[in-house]
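Visitor: Pulled from TrEMBL, these are the listed features:
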- 10-48: repeat 'HEAT' (REPEAT)
- 164-202: repeat 'HEAT' (REPEAT)
- 203-241: repeat 'HEAT' (REPEAT)
- 270-308: repeat 'HEAT' (REPEAT)
- 309-347: repeat 'HEAT' (REPEAT)
- 348-386: repeat 'HEAT' (REPEAT)
- 387-425: repeat 'HEAT' (REPEAT)
- 465-503: repeat 'HEAT' (REPEAT)
- 504-542: repeat 'HEAT' (REPEAT)
- 543-575: repeat 'HEAT' (REPEAT)
Amino acid sequence: MAMIDEPLYPIAVLIDELKNEDIQLRLNSIRRLSTIARALGEERTRKELIPFLSENNDDDDEVLLAMAEELGVFIPYVGGVEHANVLLPPLETLCTVEETCVRDKAVESLCRIGSQMREKDLVEYFILLVKRLAAGEWFTARVSSCGLFHIAYPSASETLKTELRTIYSQLCQDDMPMVRRAAATNLGKFAATVEPTYLKNDIMSIFEDLTQDDQDSVRLLAVEGCAALGKLLEPQDCVAHILPVIVNFSQNQLYELCEAVGPEPTRSDLVPAYVRLLRDNEAEVRIAAAGKVTKFCRILSPELAIQHILPCVKELSTDSSQHVRSALASVIMGMAPVLGKDATIEQLLPIFLSLLKDEFPDVRLNIISKLDQVNQVIGIDLLSQSLLPAIVELAEDRHWRVRLAIIEYIPLLASQLGVGFFDDKLGALCMQWLKDKVYSIRDAAANNVKRLAEEFGPDWAMQHIIPQVLDMINNPHYLYRMTILHAISLLAPVIGSEITCSKLLPVVVNASKDRVPNIKFNVAKVLQSLIPIVDQSVVEKTIRPCLVELSEDPDVDVRFFANQALQSSDQVMMS
């Protein structure tokens, strides 16, 4: 009896679990469909499992969603592409359910299966499925059908293609707004498969109807896809059909359309439209337009950008909305390479300086983070003369994020300014940041000191950084003393064993006598980091005795880190 029952076991278990009241059990069962299909074999999967799934689709949305997802990768389990059509019925049913996410996943799976099906099977099964859904009585079926036309169309005969275009046109005029929305959303994908002749006549007629729909949401979705349509058309058709819609409705598509229509229409039609958006009464529109100003200027010639866009940029730099200024500051530096050196010096530098002094910290931050783009165009000499006073001022900004941005920019500035200029103007600032009230600033300042030592070399560090850093180890506030220990651990690998042993190590050992446990266990950590850098004799004579003393400290954390460092020392000795 067991021999007879065994082949039926997987399908029997599935039926049993799919009828269970526990949704998690039903969900797990659906997610194991591929395992069950392998157990059944290809033929029984086609004849038993798939028909069973087609009949049992009245379940929770979560289970149906999992089923729609599983079926999308089921072609290998039903015997390959020649049998792919057996997967269409259950997915067709899922395309009609009420829950949107289930329908969307079913459409996605149908597209995946359809893209692998043989041409004759597409004609025989897939196109008929699309037509059935498009003619569905319930709107959900018609909504789902809109996402399948681009798969069905290329394989259809001329007669069927004409019929599919007609059906799609009818869906775009459907009584239900949800159907028209779906048709508008998928129009670009369908248009990409349609022949150029019909694209210009049929598809553009559909597009124009959708952009004049009485529902805002339908018009919006149609307009969102217009740039994709514009790229399929010849430039003159694009200007005639797409440009009026863009100018009236959608500034987000302007940039993409410029590339599609070429320089002449861009000059005559799109620049005035963009300028209107930069000067719009609504701050939200100006924010969106300002954020794209560099991208738009890249499409134009420098002369056109200077003539039409730059005056608007000057106005926006003093806009009443801080968010408009912030959006502009995040991209304006990118205009420097577009406009060239002379225009940047004459026109953009004053705007940069104005934004660097803006009262809103995000504006200042956005400018600082992109300074290197300007440097590439105008050179460091001019940049330092023009912007360095503002940078020095921002180094003491009351907003810590602004100070942090400046610190992160310092090593780049140092490498470009050179050691002499750096010592005069910025050296003192770097030491000042080590005593900042905000931990993130002190941490960044310690990293900054290390990067400067890497840039200018150990000799420079020994002369200009290390004496000043070591002086701070006696600061009355323990948090500042901890920052110095952190800076020492970062500097040691850069400056080498000799200076570490002669200058840094004595300071660290002395700090092990500190009264604050946090300092002492940080000393243990620093000593552990110095073990691989210094000679073995120094480890034995200086580091280990200090760690042994710390390992007997009353504080549990100090003992823990000291013992950890001692173990590390033992491992180094053994190796």
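Each residue, glycine too, has its Cβ placed from N, Cα and C.
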Visitor: Where DSSP helix means H, G or I and strand means E or B, what are the helix, strand and coil counts for the repeat 'HEAT' (164-202)?
Guide: 30 helix, 0 strand, 9 coil
Visitor: Counting only residues 6+ away from its ends, which parts of the chain sit with a Cβ under 8 Å from the repeat 'HEAT' (504-542)?
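Guide: Here the qualifying positions are 466, 470, 473, 478, 481-482, 485-486, 488-489, 491-493, 495-497, 549-550, 553, 555, 557-558, 560-562, 564-565, 568-569, 572-573.
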Visitor: Using a Cβ cut-off of under 8 Å, list the residues of the same chain at least 6 residues beyond the repeat 'HEAT' (543-575) that approach it.
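Guide: Tertiary neighbours of the repeat 'HEAT' (543-575) are 505, 509, 512, 517, 520-521, 523-525, 527-528, 530-532, 534, 536.
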Visitor: For the repeat 'HEAT' (543-575), what does DSSP give as the number of helix, strand and coil residues?
Guide: 27 helix, 0 strand, 6 coil
Visitor: Need one number: mean pLDDT over the repeat 'HEAT' (164-202).
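Guide: Mean pLDDT for the repeat 'HEAT' (164-202): 83.
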Visitor: DSSP on the repeat 'HEAT' (270-308): how many residues come out helix, how many strand, how many coil?
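Guide: Counting residues by DSSP class gives 31 helix, 0 strand, 8 coil.
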